[in-house]
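> Quick one: the structure is below, questions incoming.
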Amino acid sequence: MTLPVEASNDPPQAAAANGASAGKNDSSSAPASSAKLSRTISISEMASTASTRRFATPKWLSCWLEFPFRVKNNQTGEYVEEATAHAMDYSARGPINQCGSFVGSAMIRVAAVKAMKAGTPTIYGMKPSSVLTVASLIVNISAGVTMPFVGALVDHTDHRKIMGTVSAFIMTVAVAVQIAINEDTWLAVWIFEIIGGYFLIMHQVCTMAYLPDLTHETPEMGHYTARFMIDQYFVQACFTLIIILVSTYWDHIDNGILASTIATARLSAGMATGIGCVLFTYAWTFLFRKRPKLREIPEGSNIFTTGFQRIAVTTKHVFSKYRALRWFLVALLFSPEAGAGVVLSIAVTFLTFYVKMTVTEIAIVSIIMLFCNLPGALISKFMCRKVNPLNSFRCAEMSYAMVNALIAGTVTGPEKKGLVYPYAAMAGLAFGWMFPSQRTLTVAIIPKGQETEMMGLISFFGQIMGWLPALLFTIMNENGVDMRWSMSLISYFLATSCCLTFMCGSYEDAVQLVAHTSDEYLKQYSRNSGVDNFFDEEQIKDENDGTDGSGTNTPPSTEGKEDGVVEMA
């Protein structure tokens, strides 16, 4: 199963085929100095090779649209199509995430104006400053309860690609609706913000299920995750820069803060929708491949009962067999997820109501963070290789906790807003470091072969208490507690999460514990998808020789390829 692979300039679709065929070459025919690497062919490489190419990428389109997002494997020098798909997907999600800050700022300002006109301090029973955190609360609770079931559902069907496509579509539509934000429609926009947030988390579960398939090598995975985050941060930063330039012009026109904020929100929603339509459509039509179902529904059960049964079985199995994964999941209970918008909703509320920043000033803070995310991702890549992903994640969490504590402790009001900008740079480094490390660690320590179910379980633990900072912030805010204390909550949660990771034990032991599941997954994928010859080196050799190993000529086996073969379109 571990085949020698030579770096080459072959096109992506040929990479896996070349890797597989390399096993039959006589090593003596190559120079001793040949840069061959012994590595296991990944599921993504095999899926690309097995694809029917029913939806072939137009050459004129791939030349200019796909090229900037291509990610070269740092060991083989090959381009993997699904790595490019991940880069495009991350880059589409970046502006959608950032759009939330502009639309969120507009929503809470509109809510404040509506409450003031009504002569009450609240609107729909809550303070305007609690609007975003309440939305985040709803998203986190609903996602935490349902994501494990979504993961189990996908693993028992061959609909992983469909789920990813549908969630991307609904998320993009939810953002498109936000273009209509004004004083009369803000509540509807708020509802669609919740819908979009939920499907963003669902989409992350689907794409994260593809992530372990890219490679079985930790250095390669660290390289991929860092590059994906760099692409996301760069596109997100360029998007934010354009918004800042346009909103600055609108500020000079002086139509009023509210009108300028609403116009900026509409522009950001429109641009995020356009970028999402292009990148999501391309990635999920041409680059992501189908996957066969990973397991059958037990006799006497149906897809719904099986989903809930698998959640219970998987949780029990993980907690009894995998110590590192168990404590990592517990640590995630206290580590607010970026995609859930908890940190974003709290930060936007703090900067808008406490620091009294305009939407343009908040956008400048965002762009400083985003550009500092780029070196942060490179730090993650270096640290994952130097001290392993677990230690890298710990260091990043504590760095971010300390920066957040500095903000809460020293930014005492609007007169101190100048401090926010250097703190934004420091937070950007820590944030850009933390999430690639978390992704790399996740992929390294989960058992393979049930990725969507596992990612659903991880999402469950990441979201089930992810709403707690938002809830505590809302309670404290509704009771008039100084917002700096509410802001400091993030630091307490991150510090707790970091401390819990020390219960994981040795990273090397955790990786070794799940190593056998990778080989089992490869064999299972082989049986279910009809690409058997990727996995048995003796079979490859025998089939290439035209013998069965005893000198008898035999045709290549077609067992299992008549029925149930999944087309990797």
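Just so you know, glycine gets a Cβ as well, placed from its N, Cα and C.
Okay, these came from TrEMBL:
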type	residues	note
REGION	1-34	region 'Disordered'
COMPBIAS	14-34	compositional bias 'Low complexity'
TRANSMEM	131-150	transmembrane segment
TRANSMEM	162-181	transmembrane segment
TRANSMEM	187-212	transmembrane segment
TRANSMEM	233-250	transmembrane segment
TRANSMEM	270-288	transmembrane segment
TRANSMEM	327-350	transmembrane segment
TRANSMEM	362-383	transmembrane segment
TRANSMEM	395-413	transmembrane segment
TRANSMEM	419-436	transmembrane segment
TRANSMEM	457-477	transmembrane segment
TRANSMEM	489-507	transmembrane segment
REGION	538-569	region 'Disordered'
COMPBIAS	559-569	compositional bias 'Basic and acidic residues'
> Are the transmembrane segment (233-250) and the transmembrane segment (489-507) close, by which I mean at least 3 Cβ pairs under 8 Å that are 6+ residues apart in sequence?
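In this chain the transmembrane segment (233-250) does not contact the transmembrane segment (489-507) - fewer than 3 Cβ pairs sit under 8 Å.
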> Report yes or no: does the transmembrane segment (162-181) come within contact of the transmembrane segment (270-288), defined as 3 or more CB pairs under 8 Å with a sequence separation of 6 or more?
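Between the transmembrane segment (270-288) and the transmembrane segment (162-181), which are separate recorded stretches, there is contact, as judged by 3 or more close Cβ pairs.
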> Suppose I define contact as three or more CB-CB distances under 8 A, residues 6 or more apart in sequence; do the transmembrane segment (457-477) and the transmembrane segment (489-507) meet it?
yes
> Would you say the transmembrane segment (270-288) and the transmembrane segment (395-413) are in contact under the rule of three or more C-beta pairs closer than 8 Å, pairs 6 or more apart in sequence?
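No, the stretches stay apart by this measure.
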> For the transmembrane segment (187-212), could you work out the same-chain residues 6 or more beyond its ends whose Cβ comes under 8 Å from its Cβ atoms?
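Sequence-remote neighbours of the transmembrane segment (187-212) are 43-44, 82, 85-86, 89, 93, 96-97, 100, 103-104, 107, 124, 131, 135-136, 138-139, 142-143, 147, 150-151, 154, 160, 163-164, 167-168, 170-171, 174-175, 177-178, 180-181, 221, 224-225, 288, 337, 339-341, 439, 442-443, 446, 448, 451-452, 454-456, 458-459, 463.
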> Could you tell me what the rest of the chain brings near the transmembrane segment (131-150), counting residues at least six beyond its ends with Cβ under 8 Å?
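The answer is 104, 107-108, 111, 123, 163, 190, 193-194, 197-198, 201-202, 205, 307-308, 311, 314, 340-342, 345-346, 348-349, 452-453, 456-457, 459-460, 462-467, 470-471, 473-474, 477.
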> Where else in the chain does the transmembrane segment (362-383) make close Cβ contacts, counting only residues six or more beyond its ends and a cut-off under 8 Å?
98, 101-102, 105, 222-223, 225-227, 229-230, 233-234, 236-237, 240-241, 243-244, 247, 264, 348, 351-352, 391-392, 395-396, 420-421, 424-437, 440
